[in-house]
Structure formats: structure tokens, C-alpha cells
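What follows is a set of notes on a single structure, which appears directly below.
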Amino acid sequence: MPRHLLAAGDLDRPTAEHLLDTAARIEQAIAGREVRKLPTLRGRTVVNLFFEDSTRTRISFELAAKRLSADVINFSAKGSSVSKGESLKDTAWTLQAMGADAVVCRHSSSGAPQQLSAWVDGHVVNAGDGTHEHPTQALLDAYTLRRHLGGLQDRRIVIVGDVLHSRVARSNVLLLRTLGADVTLVAPPTLLPVGVSDWPATVSYDLDRALVGADAVMMLRVQQERMQGAFFPTAREYSRGYGLDGRRRDLLAPNGIVLHPGPMNRGMEITPQVADGANSVIVEQVTNGVTVRMAVLYLLLSGSEGAL
Ligand code: CP
């Protein structure tokens, strides 16, 4: 394992597979236990440092650290000295002085966790930075895909929607490609980033065609809070071209699955019927997120497999 987990793009295939295998072992180790806890990180301190809103990732990291018996401190910018103008560096030094063994950081600025890693001695985990990366989301998505598809080598995965503003898309493209999958990005031209042709993925504007026979489709949230200006005419127009409904879902391979990182804009990028339908693994993604984040904290902080 690298010292920090800052980007899915930093993971080579053996390391990524080791992480996913460790998550599977953790899942087995706690399955059927009355108390779903391991003593592995007793005496260690994990700080959740969230400068941007989150439901899934923050709670998931908190639960993961607690299930490994670590002490957990939740810090959110709202209500902290950040609102009085304290800098990221001074916040980092404060955490350092309090002996944080790991800092899980979400920030609206791309690169903030990397910067943080230069200021603290503990391990830093990127919990989503700006439009850059969200590596643990990609790991939990890969874990979920692997469970359903048996493996990722040569599997066809279609990622759809607001690629421009999506750290989830970038992390997934990089990790899925590392794991051998064949990734297609589908989006309106206005929602694709400059330089997307250099990404290890095929780009298409035709969702119906891309979905035929695919093993999985991952819908992205339309990130209206990051949009200044009009990227598509209307929400209805967007849904017509790039939304997932039952007809489109049925174009997937027979056991094809539907993913979404959340939070969802129901009725825009995905219909409620598909989000809650039989092929949807969206709730399972959340469950797997805890297990995968346990594996990340465990491997970073204990550096061994002996205690599992
Ligand atoms: N998928 C994801 O990062 O969700 P949150 O913003 O709720 O953490």
C-alpha cells in the first residue's frame, strides 16, 4: 500500500486487487457476528475532516473506523474555526498536535488532500476533492461490480452523465481500466472535460447504442451546484438523451446491473423505477462502502493482514 490513498490513479493492479480481496476477507470475518467489530485499530485515532457536505462517505468512514475499534473524531468546517478564517494548514497542524493517525479529507478544492499529506505525519485518505478524484467510491464500485460480474477483465462498463464535474467518473475510469474493464463514457458534449480523449475510455454520445449488451451502467449525478450557466436546455431534454429508464436498462446484458454513487436526482438521470428496480445495486454500493473503507483504513494503519 502507498502511505496515503489520494487517487485511484495511483493504484496499480496488484494493490487494487489486494484492497478488494482484503475487503472480502473483512466481510467474511464479521459475517454472522453478533458484534460486528474487529479490535484491529484499538488505540488509533481517525479524523474525518469534511469541508464539503456528505452523507454516505462521512458516515461510511465513521462506521468503518468504529468497526475496526479506532477512536473517531468528526470535524466539519461548519461550526469549526474554519468559519473564522483558519487555514487548511493550521487545521492540519492542530490535528497533527492531537495525534491523528489517519485523516480522511473531503474538500471542494482539487488537490487539498494531497496538500494535507505534506503537513501531517499520519495517513491521508481522499474522501473526494473537487472535480479531481474519489478513490474509495471507485473501490466500492469495483468491489460491487466484481461481486456481481465475477471479475472485471474485459467487462463492458458504461458511465453516463455529468463527467465534467465528476470526481467519481475520473476515479472509476482509472481504476476500472487498471482492473481490466472496458469503459465507455456517455455524456452530452458540454458535460465532457477538455482532454477526455486522453482518458483510457471510449467516448460516445449515443446512450442506447452504448448500453446494448453492456455488463453494467453507472449513472452520474448531474451536479447542478457546480454549474454556472446552461450545460443542457432543460432537465426534461437531459433525461430524454441521457437519463436511464426501464427501456434503456433492458438493453443491458441479461444480468447487467445499475449503479449510482448517490445522491441521486430521481427523475432526471435515473427514474425511480430503475433506481429501486431488480437490477439496481445502489443500496448494496452503500453497504459495500463500509467494508471497502474498513479495508483501506486497515491496510494503511496496520500494514499487515495477520489480525484478520
Ligand atoms: N457518493 C458520495 O460521495 O456521496 P456523499 O456525497 O453523500 O458522500
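Backbone N, Cα and C define each Cβ position, glycine as well.
When Cβ atoms from all protein chains are considered, those within 10 Å of THR57 (carbamoyl phosphate binding site) total 24, not counting its own. For ARG56, THR57, ARG106, HIS134, GLN137, GLY262, PRO263, the entry in TrEMBL reads carbamoyl phosphate binding site.
For LYS84 (L-aspartate binding site), the count of additional Cβ atoms within 10 Å of its Cβ stands at 6 [all protein chains shown]. Annotation comment: TrEMBL describes LYS84, ARG167, ARG221 as L-aspartate binding site.
Marked as domain 'Aspartate/ornithine carbamoyltransferase carbamoyl-P binding' by TrEMBL: 3-146. Mapped onto DSSP helix, strand and coil, the domain 'Aspartate/ornithine carbamoyltransferase carbamoyl-P binding' (3-146) counts 65 helix, 27 strand, 52 coil.
As annotated by TrEMBL, domain 'Aspartate/ornithine carbamoyltransferase Asp/Orn-binding' applies to 154-300. DSSP states for the domain 'Aspartate/ornithine carbamoyltransferase Asp/Orn-binding' (154-300), grouped as helix (H, G, I), strand (E, B) and coil, give 61 helix, 24 strand, 62 coil.
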- Message: Just to verify a number: CA distance, PRO263 (carbamoyl phosphate binding site) to ARG221 (L-aspartate binding site), in angstrom, no decimals.
- Response: 7
- Are there any residues in the same chain, six or more apart in sequence, whose C-beta is under 8 angstroms from the C-beta of ARG106 (carbamoyl phosphate binding site), and if so which? LEU49, PHE50, PHE51, GLU52, SER54, THR57, ARG58, ALA127, GLY128, ASP129
- How big is the gap, in Å, between the Cα of ARG221 (L-aspartate binding site) and that of GLN137 (carbamoyl phosphate binding site), rounded to a whole number? 13
- Query: Expressed to the nearest Å, what is the distance separating GLN137 (carbamoyl phosphate binding site) and ARG167 (L-aspartate binding site) at their Cα atoms?
  - Reply: 9
- Message: Can you go through the binding-site residues LYS84, ARG106, ARG167, ARG221, GLY262 and pick out those with a C-beta less than 6 angstroms from ligand 1?
- Response: GLY262
